[in-house]
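Annotated in TrEMBL:
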- 26-506: domain 'Major facilitator superfamily (MFS) profile' (DOMAIN)
- 24-45: transmembrane segment (TRANSMEM)
- 162-186: transmembrane segment (TRANSMEM)
- 192-209: transmembrane segment (TRANSMEM)
- 216-240: transmembrane segment (TRANSMEM)
- 246-264: transmembrane segment (TRANSMEM)
- 337-359: transmembrane segment (TRANSMEM)
- 393-413: transmembrane segment (TRANSMEM)
- 419-441: transmembrane segment (TRANSMEM)
- 453-474: transmembrane segment (TRANSMEM)
- 480-499: transmembrane segment (TRANSMEM)
């Protein structure tokens, strides 16, 4: 017993206690995640559709750059907003409702109801593909970020990748000063490519400092950081609708994240695997001091790199394990294929259901917040079920149930609106459970040496799902039951595939591919 009656614990148990250290670190890590999330949904409102009509030079006031959107002379006949009404004759030199014929011509200039979105600034009227391209380009950038940041977090550390991606993602601030659509698209792409890397680094860092018993909690907290970012952005946009002011408010604070180089600590596991033994010792001593854990400090300071790795049951490997080592391992390939498809499903179904919920009446800001808040109870359910019953089986039953609910929603006739809405909301709730569960399960499936890289690969799969999701409403032109049936089939397939991977609850995190292959009875293929 140490002085004060505190029991001395083994060094390996330093990170198993969830205390003040984890609470503060999780809070700090989640702040960049929240802001990057706001960057990632900015186009929903910043590039949102606004009302506009054709400009009629003979009638519109030429002395102002912003003529009235609803002038008294506009014809009562419903006219397509991309068609200009043709003038028949002017009465006394002024336009009236009777000044126009029944004919129309292609519009070349427009008058916008407001300048709240970039549609007016960049003059994107009657070019819906350009406004839709803004979100698509951003999501392509996100996919690249998730892949690259996994490698960067493994190579250079979780901490610098998290902070630099969060700060440099603020490049989107320059969108407020551009009047070129091409430059705007470039900035949107760079914003997603750079800022999106924050997610992978944050997920890996949170799970590695939280201990075995808190992996699911880490995934839930991470997911809530995303949802809070979405909700907060909707609230800000509700009170600050003008897109330039909105961008300045959301993007400017990221410069403060540079201070996180002094506030956030690196993962000790990463430090040990990358021959930063002294840094790992200092981090462990700091954790013990903050969490008031009594460890043998002298023993820790005198341990060699090999002994300290052995204390944490970490294997020493001479060469950095590359993606070639992943391909050579049958166990790794199996896990990659299953985890990748499940991540694709979670992104595809989650965002697909959100996008297809546009039938809900009311304010777009309110509807967006409600769609986000719908996910909150799903996180609590994920935390309970995955801690109570493990990771694998809640995910299997969750995906299967989501598949059934989505398919049933598509099969129910339109006349039974209450039933369809109920099935839709239940499906959204269950896919939220799976969305969080897959994050934790994926991180536990892969060894420390390639965890960031493989998490990036799987996140790219999720990115493909989020890119395809906005295209599903097109299928309604063929049949309204197609989108929910596709969502259902994808979820059902994920549930079946998950039967091929192991349970990870309570299991120690593997550190190398060689160790993983040896544990699961497969011969080592080397780590070249």
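Using N, Cα and C of the backbone, Cβ positions are placed for all residues, glycine too.
Note that the structure is predicted; figures quoted are calculated from it, not measured.
When each of the listed stretches 192-209, 216-240, 246-264, 419-441, 480-499 is scored by C-beta pairs under 8 angstroms to the transmembrane segment (393-413), 480-499 comes out highest. Across the domain 'Major facilitator superfamily (MFS) profile' (26-506), the model assigns an average pLDDT of 83.
Here the transmembrane segment (419-441) has Cβ contacts under 8 Å with residues 203, 207, 215-216, 218-220, 222-223, 339, 342-343, 345-346, 349-350, 353-354, 357, 371, 374-375, 377-379, 381-383, 385-386, 391-392, 394-395, 398-399, 401-402, 405-406, 408-409, 412, 484, 487, 491, 494, 504 of the same chain, all six or more residues outside its ends. Listed stretches 24-45, 162-186, 453-474 were compared with the transmembrane segment (246-264); the greatest number of C-beta pairs under 8 angstroms is found for 162-186.
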